[in-house]
Amino acid sequence: MHRLNLVKYVHLVFVKINESGIAGSYVTEIQTEPDASLHILNIQAEFPETTGLRYRSETNTWRAVRRLDNTFFAPNGGWVDKIYAVVKPIAVNLAPNEKHGHDKPEVLKSSKVISKSSQQTISSDFTLGPPSEEIYKEPERIISEANIYSGKTLTKYQMAINAACQVLGREDPMLLVHRDELLKMAREKVKADGYEHKKGYSRSVSSSSSSGGDDHAGKKDLDKSAKRKHMDGEERKKAMTNIKALVESTNDHIHIKQQRIQKLKTCNDFKQCDVVSNETTQLLKQKYEYECQLASLKRKEAKSQWYKKKVKRKPAQNSSESHTARSLSIAEMLSKADTTTMSTSNTNASPASAAIQRSVNDTNASTKYSDEPSISIIDVPDEDPASAQHSDASADTLF
């Protein structure tokens, strides 16, 4: 009697699972066991920390899948073509409650959420997806973390940058991790919103400003608003020579055009005459611009020559002033000596001191009209022996 080996064929089912249970999001299909059950380890391999499964019922309410140990059993009617959402535990804080003085579990309001939606592929270093980024979800935390500038006294521009960073942080919390990109986007937003600087934009042309063409939106072109280039005397003279040549060449063209107009008038070719007249008008405008540039350069050249002459005159004035100061100091010293002599004696003044005073006065008068130092010879008149003795005594008291 032959033993029959009965083989039980089971139709394997693939269950569709994702994190939200919505059909539009990313779905992962996980194969069931031969008995149509689903092991939890297979689910946790794709969705870590999963503890349960649930799905939307006909009444649009969440309905949980029955679990026994580590096995999920199909609901009534089988797995069918439904999308199941994973269930993860809520963090529990088992620290003692300080307010009531006893242990009480408290649900943590996690301020940081790890984004796992980006971890869907295996990178070159055999890790699951790119590195996880921390995303801030609380609005208050976004406001505190998004500020670029901190401090008590902030400028209006810094306050505008902080406000722009807060708006951008609410729109995309990932920017809070990349602060350099956040600052760059905030500057662009402030500029796009029409922020007006207190002193306006700089007119100088640098390598950074010339690389970005839209940095001065709403302003004049950089070529028009740039600072004028410094020009020395030689360059100015060359420019004047070139402009003079252009003016002469323009005059020749205008003369030729005028002769051509006369010839066209005689031929009654008025249509071509209008064209040549317009060309002559453009040449006259060009000539006027050249003449304005030439006049401006001439004014600058005259101002430069005047400044050079003024600089050359300064050393001579300084020497005359120093000589006058020396003569005045000598005069003050002699006047003090003469005052001391007069106080020591009530008699007539010494002829020698009077002669010295006259010579000092003559010296001061001469320095007003000449820049050259003058040498005066003091003539001391003859005096009697008594007055000579008196002057010697006064000199001894002075020194």
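Glycine residues also receive a Cβ, built from the backbone N, Cα and C atoms like all the rest.
Worth saying up front: this structure is predicted, and the values here are computed from it rather than measured.
Taken from TrEMBL, the feature compositional bias 'Low complexity' applies to 202-211 (among others).
What TrEMBL records for 213-238 is compositional bias 'Basic and acidic residues'.
Annotation source TrEMBL lists compositional bias 'Polar residues' at 316-327 (among others).
Sequence annotations record features per position, and here TrEMBL assigns compositional bias 'Low complexity' to 337-355 (among others).
The compositional bias 'Polar residues' annotation in TrEMBL covers 356-368 (among others).
Per TrEMBL, compositional bias 'Polar residues' is recorded for 388-399 (among others).
Taken from TrEMBL, the feature domain 'TAR DNA-binding protein 43 N-terminal' applies to 26-87.
The domain 'NAB co-repressor' annotation in TrEMBL covers 150-203. Mean model confidence for the domain 'NAB co-repressor' (150-203) is a pLDDT of 84.
Feature annotation from TrEMBL assigns region 'Disordered' to 194-238 (among others).
The region 'Disordered' feature in TrEMBL is assigned to 307-399 (among others).
For the domain 'TAR DNA-binding protein 43 N-terminal' (26-87), the DSSP-based tally of helix, strand and coil residues reads 7 helix, 23 strand, 32 coil.
Note: the domain 'NAB co-repressor' (150-203) comprises 34 helix, 0 strand, 20 coil (DSSP; helix = H, G, I, strand = E, B).
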